[in-house]
Structure formats: C-alpha cells, structure tokens
Amino acid sequence: MKKERVTLTLLKTLGSCRRRFHKTPNVAATHHHHLQPTMEEPQQLHSHRYSFNPTLNWNPEVQNYFAKAYGADRFSRISTALTRPSRYSCIRVNTMRSTSNAVIEKLQAILKESSSGSGDFSEVGANGNQALVESEDGDNNNNNPLRGDCLGAGAVSKCQIPGMEYVVFVWGSGPRDIDYGYAPDRPPKEVIVSRKCAEAVLRGAQVYVPGVMACSAHVEKGDTVAVSVAVEQKGVDGGWGIGMTRGTVLQGSPADPYYFERNGLYIGQGTAMMSRAGLFRVPEGVGVDMKNRVYELHSFHNVLEGEIFLQNLPSIVAAHALDPQKGERILDMCAAPGGKTTAIAILMKDEGEIIATDRSHNKVLDIQKRADEMGLSCIKAFKLDALKSVSRHINASTGPNSCDANNGVANQVSDSSNVQREGMSSIVTERLKTEVMVENGNGEKANGKVYVSKADIRKSLRRARNGPGRNQSLGGRVDGSKGFSPNSFDRVLLDAPCSALGLRPRLFAGEETVESLRNHGKYQRRMFDQAVQLARPGGVIVYSTCTINPGENEALVRYALDKYKYLSLAPQHPRIGGPGLVGSCEFPDGYVEEWLRPGEENLVQRFDPSSPLDTIGFFIAKFVVGSKDG
C-alpha cells in the first residue's frame, strides 16, 4: 500500500503584479509527524510511523514570505527537498597532488572493500539485507544530469562540466523503506538522537554517543535498534527545545516522550555498540553502527587526506566564477573552513597570493591546517573581522590607494611572517611544552619569556579535568591583521555568513523570523561595503551564500548596483544554476524589498535544492569593478 504523503499547507491565493504582493494572510506550516492514532488499520498506522517523511515547521511569516517569492508549489518542493540529503557526494580532487582518474581508482577500491566488509554498497546499490526495499514514492536519482551513464549506489563518475573534470561524484541512493521488525506485542528497541546528530547520519555519519538522547530499556551491546530523531518543538514560553532529559528510558508505548512526534522521523536501523548504561556513561565513541539507512551515502572522513576535499558543487562553481589567474592577489573574506580558499589556490596552480581571513582563531587554524594538508603555499591566513577588513591606518608614505610595505597588510600582528605555515604537529608540540603562553598587546612574546597567570593556571586545570570546551582555542598561533589597503586586491570572494537556509538535510527551521532574516541582510551589506573598497578598479568581486532567502541574495545585488554605480554584473562560467528572482516584495509593515530587474536574472546563479541537480540551496553573483573616479 502506498503510504500517505502529507505536504505543507500553503497560501491558496498570492498577489501578482511583477512579484509585488500586498496584504497576504500569514499561514503556518503544519507538522504531520505527530498525528494521533486514528481508526487506520494497525499495519497502515505503523507503516506510516516507521518511515522517513519529515516536513519543515517554518515561522508563519517566513513561510508566507517564501511562498510569495517562489510561489506556493515551488516553495513546497524546496521545503521538502531541504529535509533530504543530496544523493551523491561531490569530491574535489587536489590536482597539485593527484588526478581524477587516480582518485576514482582509489575510491572504487575503498568502496569495494566497504561493500565486502559491511554490505553498504554494491553495483546496484543493495546492501545485501532483505529488510531494505526501495521506497515506492521516493524520488530517484537517475534523472540528475550530472549522473550521465553512471548507475547504482557506490558508482563513481567524473564531472562532465567543461573545466571541472577534476570534480568526482560518488553516487548514493534513497529514500528507502526499512522493515524495523514491528510486532504488536514486540515493538522494536529504539534510540532517539538529537536533530544535529540525525542530520549528520543522513549524510553518512555514524551515531556517536553525544548525540544519543534516549534509549529503550534493556538495550545491550549487539542489539538491533531503530533510530529516530527528536526535532525541536515550540514550548509554552515561546522558546524551542526537545523537552527531553538525556538518558530518558523508552518503553515502546504511546506514553514515551515524543512518541507521536517521531511519526515519520525514523532515519534507519543499526547495531548498538554498547549497552544502554554505556551510551550515557562514556563521553565519546560510536554508539550505534548504522547498518540500514534511509539514505545510503558513503562517509569520507579521513579518506585520502590531502588528495581530495568533500565540497558542495555550488561552492566549487563559486571559486570558478571568481576566475582567479596566476600571479594575482586575491582576498577570501570569511574564508573558514578553507574549502573555497584551497579551490582558488589550485585553480591558480599555487602561483600568486591568497589572503584568507576569519575572525575566529580556531577557524584560522583550520584554514592553515587544510592548506598544509593539500601542500599549498600561496595561502596566508589571518585572524580578522570582515567588518574591519579595510585598514584605518594607512601608511602615509604610500598613500591610501597603494599597498604598504606589508603588501597591503596594515599593522600585521605577528613576530614572524611564516607563523601561519607552521605544521599543526609542531604547534601542538609547542603547546604541550609551554602549557600556557600569554602574549602582550601586540601579539608578541613579552621579552621572549613565558608568563603564566593564575587565571591561565585555573583554565588549564579545568581543561585537564573536563576536556577542551567547544569554543576553546586549539592552542596554535595565528597571525592577526588590522586590515588591508584600499584597492589592494585583484579579486575578492565574499562567501558571506548567512541564514544557511539552503543547507541540507535540514530538519528544523522554526527559529528564523522575518526580522532575523532582515538582520542577516544588513550584516552582509556591511561586509560587502568592505569588499568594494578592497577590490581595485578593473577587479572582480564574487558574492555567494548558502541560503534560499532572497533578502540575502537578490536584495544584496540590488543594494550593490544601486549604491555603487561603478559595479556591474558579469557573466559566470560555468553556468549551471538557475536564474535569480525578479521583482520585489512588500511586507505587512510597509517595507519593500527590491530584487533583480528584468535582464539581470541570468547574470546570477541560483541553485534550487529541488532541481534535478540535487544540490544545496546556493546563490552566486559576480561583479566587475569599474573606475572609482568621480
């Protein structure tokens, strides 16, 4: 019996007139995971329960806004696609160290070994377990134009987009229906995981101990368990949470927490790697080894390090759109974790200079580590807030429009120009030797000695007792910068921090409001103002985001073109994304958000997660900088 499919309840009537809308009522999305029992036959009821059929619960005003922007039907498709992962892994080959053909050969061997060891993959995508069957109403992956003649989960193919032959696809499969072995008198043993854990599992990860929230009583090591997810719900105080204490015991009855809310939120079946007691006692490790997954995707954690980099296809396209050339000086603002930075370096054949900045100490370390792993020497990473990218202290001898003695780096905070190239192993070794190093206000060692304050001793003791905190510095050293000279870069990439509403799989989106989406846009405009000042006349700026929000995409383009008359949109190569949104949107408070004008839509790239390309939601705009005189 084909299972029911419940979709979002959206607006029935939308305004018209070149996408300008007025007085449209707000309609909330409805969650249908938690339907209460009905008079359905038991088998049909439990078939619906033990499935994966999530819907996103949007803020009503946000849903109203997106329905206006895209149309109700298209937004419904986008919203559904966001809850599912892309059914392939996109891998960028480091051509400075390897070739696509060599990587494909190695990946095929790894996948073959994985298939023989665990049954995760085979040429036809089955995992050898008869409990798994293809979902009758699941979308299939065979109409993806990227796939070509490559068939079956686990198949590996080379990208056929001209100029991007160094990109490799490993194909997965899904969604699949899983028989969880339900019997009226014997429900399956279960594990509930956090939403973030579930999103990682849908991308191919295992269930790690910190992500386990609840578990059936009497689960022992080796038991088969059904894995479901607890998605945040809105509380009486207006806040969001799962309302569940970690370690909750599940009895398999409707009295369990989230029993009805978990309907349609089962992500697979696995083997418990430890007893119930162990799951909530040990701090780390694999809690459940996933055997049967709704989406079968391979994990590439620690695979061919330095040779490959797992990266979403639109992010690779953004690096191509920048069109970096050998010998140029390029700025990558908000560069962490370094994926686009290293992609640019490889396109330049590691010849030139790439300045990569981020305001987080640890993220700068990540960029450095990634560059070291890939053997790239043209990347220099600095700790710098993107809103302070333009130096306020211009060298008087060189003038405001010239690069200073530090090649455009104003007041570089470092006692060595090569600090960022130190290997991570030597950084860690130095940290262990010195334990704590306190730097003076200029970032230099005071008199070359090591001073340890009582506060640092207390922090060190806490870390020894509790482990490093999530935001604790990793202990490596990074260079800081107080900004760069205007007009000192040939090209600037601003992959702006955003609402990230294009990332998938996404099982929760309720916290974003119209106000928060507007605030993202305001922040991005301030960063773009910095980018415009740093790009030289004749240079290029590429702006990108991973969100479906027009206010952070088309509205930014409108702002840029209206404010800076010397900017113009430029064609992008390759062009595989769709057109941008033309028109505007009027909000209930009277605020009008302007988007693109006719003729501009084909000069940007908008990646729709519901399109056959099966990518994340993404946006790219490319600007050419004209003369700034006058």
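Cβ atoms here come from the backbone N, Cα and C positions, even for glycine.
The domain 'SAM-dependent MTase RsmB/NOP-type' annotation in TrEMBL covers 241-626.
Counting every protein chain shown, 24 other Cβ atoms lie within 10 Å of the Cβ of Lys340 (S-adenosyl-L-methionine binding site). Per TrEMBL, S-adenosyl-L-methionine binding site is recorded for Cys334, Ala335, Ala336, Pro337, Gly338, Gly339, Lys340, Asp358, Asp385, Asp495.
Summarising the annotation, TrEMBL assigns region 'Disordered' to 403-423.
TrEMBL lists 403-420 with the feature compositional bias 'Polar residues'.
Proximity of Cys546 (active site, nucleophile) to non-local residues of its own chain (separation of 6 or more, Cβ distance below 8 Å) is seen for Asn312, Pro314, Ser315, Cys498, Ala500, Gly502, Leu503, Ile616, Gly617, Phe618, given in sequence order. The feature active site, nucleophile is assigned by TrEMBL to Cys546.
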Span of Cys334, Ala335, Ala336, Pro337, Gly338, Gly339, Lys340, Asp358, Asp385, Asp495 around S-adenosyl-L-methionine - largest C-alpha separation, Å: 19
